[in-house]
Amino acid sequence: MAAAGQVENRIVSKKKAHLLGFIQHGVNSHATGMWRHPRDKVGWDFSRPAYWQHMARTMERGLFDAMFIADELAPYNTHGGTSDPIVKYAVQCPTHEPSTIVPIITTATKHLGVGVTLSTAFEHPYSMVRRLSSLDHLSDGRVAWNIVSSYSKSEWDAYGVEMTHRTRRYELLEEYMEVCYKLWNSWDADAIVADKASGIYADPAKVREINHVGEFFRCKARSFVAPSPQGQPVLWQAGSSDRGRDFAAKHAEAIFAVHPTVTRMRHYTDDLNNRLDKFERPPGSVKLIFGAQTVVADTRSEAQEKYERIKACIPAEGALAWMSGHFGLDFSTYDLDEYVQNIEVPGIQGLFESILYARDGAPVTIREAAMIYAQGMGMPVLVGTATDIADQMEVFLDEGGADGFMLAATYTPGCFEEFADMVVPELQRRQRFRTSYAGTTLRENLLQG
Ligand SMILES: Cc1cc2nc3c(=O)[nH]c(=O)nc-3n(C[C@H](O)[C@H](O)[C@H](O)COP(=O)(O)O)c2cc1C
C-alpha cells in the first residue's frame, strides 16, 4: 500500500487529444447534402480564398493541429455506371485541387498545419517530392501528406489508365516511397554555404544525385528543392486493408481511421501496435487519429434537433451513389433490404467496416447503411452538450487508444466555430487539450503530449 504522501504525489497525467478539421476543397465535404443546410457557407464561397482563410483562423483559434484536406481525382462513376447522381447531389463534387489552398491556409495562420491528400497513381515521385517540399517551405514546416493510391475506378478512367489491383498499388507505393526518401535525403543539412565572396552557393558533394532504377520508376536527379523545415512532410495514411495497415505501420507518422464504436477503436489500436513491432517501431510511435463528427448545443434537446435538421439534408440516391463510389460496387443493382454483412467490397475496406459494425455487428441493410454512411462515413456522431461530447471523447482516448480526432464537417464554417467556442474550452478545463501550441512545425505539435 502506498503511503499517503506518495498517493498525493502521484499525478495522473491524462492523455491530451489532438484535433484536426476534416474537409474537402469543394462545395460539400463528407456529410452528404450539407451544401443545402440553411447554415452552410452563409456569406461564403468555397472557391474563394476568404472562406479558407476564415476556416483556417477558426481552427487555429481552436488550437487544432491541422486542417486535413481529403481528395479524390474525379467524380465517382460506379452507381448505375454513371456520375450523374454524384453531380446532381453534389456528392463530393465539385472538388477542386487540394494543394492549391495550402499556402492560403498557412499564410492566414502561424501554427495550423495542413494535411493534403495527394495520389501516387498518376504522378511521378519526383514531382510529388518537389511539390510537397515547396509547400513545406512556404508553410514554415506545417505540411502533412496523406498518401493515397486512388481506390476509385473513376479516377483511373479520368486518366485513361487501366485500374490496377490493390496489391499492385501497394507494391508500387513501396517503391514510390523509396524514391521519395532518396530525394528527401539527397541534400545534406550543411550543403548550402551561400558564400557570396567565393560565389559558391552549395557544395555539390553534399547534394547527391539519386539513380533509382526500379520496377515502376526511374529517377536520375538531384532533388530540385533545398531541404525544407521538416525535411519531409509529416507522413499520414489511412489504408485499412491488411496490406494497408502494414504500409501505415511501416511509413506513417499518423494514421486516420474510422471506427464507429470504442470496441472497434481498441481492436484497431491493438492491431496497429502489434504491426509496429514488425517494423521495429515502438508501440504508440504512430499517432492514431479517429474520425468523429460532433453536433453541439447548449442543451441535449437542442443538439438533437440540430442533428435531425442535418440528417434531413441527406438525399437517399446521393447517399447510395456515394457508397457505390467508395466501395466500388453498383448499389443501384442491389436489393436495398439486403444486409451489408452479406456483401464483400473491392473498395475502401476500412470504411466499409464502419457500417458493418455501425450497430455493434447487428445486421444493417444497404438502405440503412447508406444513410449512416452519408452522414460522415460511419464515424461516431457525438450529439449533445459540450460536456457530453468531452465525456465521449475521453472514453475514446482512454479506452479506444485514440490520440486525437479528425472532426468531419457538417455545415461550414459553423461546425468548426461551434467546436472551437464550446467543446475546446471544456476539453481544456479537463486538461484533455492543449492551451497553446508547443512548437512551430506540424510535427512538433503532433508530438506534443
Ligand atoms: C478514414 C479514411 C479516409 C480516406 N480518405 C481518402 C481520401 O481523401 N482520398 C483517397 O483517395 N483515399 C482515401 N482513403 C482511402 C485510403 O487511404 C486507401 O487508399 C484506400 O482505403 C485503399 O487502401 P486499403 O484497401 O488498404 O484501405 C481514405 C480511407 C480512410 C479509411
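Count begins at 1; order follows the chain as displayed.
Using N, Cα and C of the backbone, Cβ positions are placed for all residues, glycine too.
Together with D71, Y170, S240, S241, the FMN site in TrEMBL holds one more listed residue from T117, T120, T294, which is T117. In three-state terms derived from DSSP, S240 (FMN binding site) belongs to neither a helical nor a strand segment and is classed as coil.
Remark: of the binding-site residues D71, T117, Y170, S240, S241, the most isolated position is S241 (fewest other Cβ atoms within 10 Å of its Cβ).
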